[in-house]
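J.: Here it is: the structure, laid out below.
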Amino acid sequence: MLSSWQKKFFQTPEHPPAEGIAPPRDDGVPNPEPVTYPDTKYPSDVVNHDAGEMLPNEEAQDGVTQAEAITLTWSKISLGAAYFLMWLLYLVNGFQASITGNLSAYVTSGFESHSLIPVISIVSSVMSAATYMPLAKVLNLWDRSIGFIIMVAFATLGLILSATCHDIGTYCAAQVFYSIGFAGIIFSVDVITADTSTLRDRGLAYAFTSSPYIITAFGGPAAAEHFYDSNWRWAYGCFSIVLPVVALPMFCLLRWNRHKAKKSGLLKDKADSGRTWMESIRHYIIEFDILGVFFLAAGLVLFLLPFSIAGSTEDDWKSASIITMLVIGFVCLLVFALVERFVAPVPFLPWALLASRTVLGACMLDVCYQIAYYCWFNYYTSYLQVVYGTSITTAGYITSIFDVVSGVWLFIVGFLIKKTNRFRWLLFIAVPLYILGVGLMIYFRKPSWSVGYMIMCQIFIAFAGGTMIICQQVAVLAASDHDHAASSLAFLNVFGTMGSAVGSSISGAIWTHTLPGALQRLLPDSVKADWQTIYDSLEEQLSYERGTLIRQAIALAYASTQSKMLIAGTAIMALSLVWMFVIRDIKLTKTQTKGVLF
């Protein structure tokens, strides 16, 4: 039965190549024949490139051909400028994520919708997940710069809408545009990083581009408190100005070097397709699998949202609207599966990638990691402020420990990958350490413990989480060639983002089904009737002085709720102990890219 399932969904099984062929030279002298390495067993490890070839691969997809032409054309100065601009883009993303992340609880509380944080996260995550594969196709079929600038437009629109919204509905819509845009920008930058680096140095390249998070971890929370004291709308408004200013030079750099490549003859004009406008529209609807994207996004949103909002409805799970959403969501997911299997000429996901156990293992590891993380993270800043009495700035610093520690640690991880030409051994350390960090948070979550123990757990999580993220990216890229690099990264991001949506759904379900009951049980009789007001607003919760019976009751209710979230996250993360063994121990000596590289 398993073999028949594989034949249906996967193209061909992996067959070992011939062995005994000499490894490629690294001195620029071409090898006369394709090469494999003594310890490789699978086709993904076969090197079919001529090491001395200085022409872009005309048989690759247009976006890949253009990327190779650019790296063969540009100078070291252009390479340095590209990495500096990508570093700036990560800096902008880090600042806006840190600032708006610390303000989101107050923005939603201002609309009396604090409990809707997971709902917004679920919708944003699902829509982002549905965007990755179409974006990868834009990057592959058209141009890296085109996909990048489209995502900049989405992010800018989301920021403008967030700055001008006056109700929770508009804010939710703004967050969807904003999340799609910034997720797409970072994905585009990661693909460009893969285009412009060797496989051995890719870990270091990703460490460099993501290093701005070290800076934003300190500046973001303090800026968030300043915006909260003055006007939170400018937290979004200022970035709607800054983002285009930083992004346009990157777009211009790519377009200019593309122009140089065409002028030098490395890049040829694309032949006219001969399609009419209507034929082109139909072609791209099929190519981007718009039908599949619609059913996937609708199915996930409708199926996951009830878990977060059922507890806040009058009839709970008996509510007709909740039952309807679950049924329609399940039907949409079923239709998505049937459409992908029997109807779609170009499926939403390149399922054949899962024939590689490395891609499968990395994707499932990322799913477990994201679910486990978002099981407890969405309400973590609120938890720190209520239970430990931290300010917005201090809570932001604690949640930013991951960015600081992992930002520095990733350089060491990248160096270790470069020196050993291996990455899997790092997972054997990182996965157990992550489980330990989350597990210890269960024990230290109570108000009676010092916040220092929570900081210790965050440091463990930062070391482990940063290592897992970089190893997952290197794994899927090592298991594919340059032509499929964007698709492989998109595949990983789709799984990870859907995992974050599931984690947010679990978090919301625990919150709405645990915290109200805990408040009604623990609050003094004098304020029991006000439990709904307290539940809906973080500002209301913080208005009670620390040490009072009311504040202590709220803190204990938070601790009880956080405990269930952490237990769920730890249990799910334990599955990663299996997935890390599924990933193959690939030696990172393949030649994938050409030209002037990182």
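Heads up, residue numbers simply count up from 1 along the chain you see.
Positions of Cβ are set from backbone N, Cα and C atoms, glycine also.
Keep in mind the model is a prediction, meaning the values are calculated, not measured.
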J.: From the topology recorded by Swiss-Prot, do K76 and W449 fall on the same side of the membrane?
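T.: Topology check (Swiss-Prot): K76 vs W449, domain names differ.
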J.: Do the transmembrane segment (425-445) and the transmembrane segment (342-362) come close, with at least three CB pairs under 8 A (pairs 6 or more apart in sequence)?
T.: no
J.: Under 8 Å Cβ-Cβ from N102 (N-linked glycosylation site), six or more apart in the same chain: what's there?
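T.: Looking at Cβ-Cβ distances below 8 Å from N102 (N-linked glycosylation site), excluding near sequence neighbours, one finds G220, P221, A224, E225, T381, I392, A395, G396, T399.
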J.: Can you see whether the transmembrane segment (342-362) and the transmembrane segment (491-511) are touching - at least 3 CB pairs under 8 angstroms, only pairs 6 or more apart in sequence?
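T.: Per Cβ check, the transmembrane segment (342-362) touches the transmembrane segment (491-511).
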J.: Report, as numbers and ranges, which residues of the same chain sit near the transmembrane segment (290-310): CB under 8 Å and 6 or more residues beyond its ends.
T.: 116, 118-119, 122-123, 126-127, 129-130, 133-134, 316-317, 319, 322, 325-326, 328-336, 339-340, 343-344, 347-348, 498, 501-502, 504-509, 511-513
J.: At a C-beta cut-off of under 8 Å, are there same-chain residues at least 6 beyond the transmembrane segment (145-165) that contact it? List them, or none.
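T.: Result: 63, 96, 100, 135, 138-139, 171, 173-185, 187-189, 192, 233-234, 236-237, 239-240, 243-244, 247, 250-251, 254-255, 258.
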J.: So if I exclude everything within five residues of the ends of the topological domain 'Cytoplasmic' (137-144), which remaining residues of that chain have a CB under 8 angstroms from its CBs? That is, six or more out.
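T.: Same-chain contacts beyond the ends: 61-64, 66-67, 150, 188, 191-192, 195, 254, 258, 287-288, 483, 486-487.
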J.: Report, as numbers and ranges, every residue of the chain located at least six residues beyond the transmembrane segment (116-136) whose Cβ falls under 8 Å of a Cβ in that stretch; write 'none' if there are none.
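T.: Those are 104-105, 108, 147, 150-151, 168, 171-172, 175-176, 178-180, 183-184, 187-188, 191, 288-289, 293, 296-297, 300-301, 304-305, 308-309, 348-349, 374, 378-379, 486-487, 489-491, 493-494, 497-498, 500-501, 504-505, 507-508, 511, in sequence order.
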J.: For the transmembrane segment (234-254), which stretch among 77-97, 172-192, 491-511, 563-583 has the most Cβ pairs under 8 A?
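T.: Highest pair count goes to 77-97.
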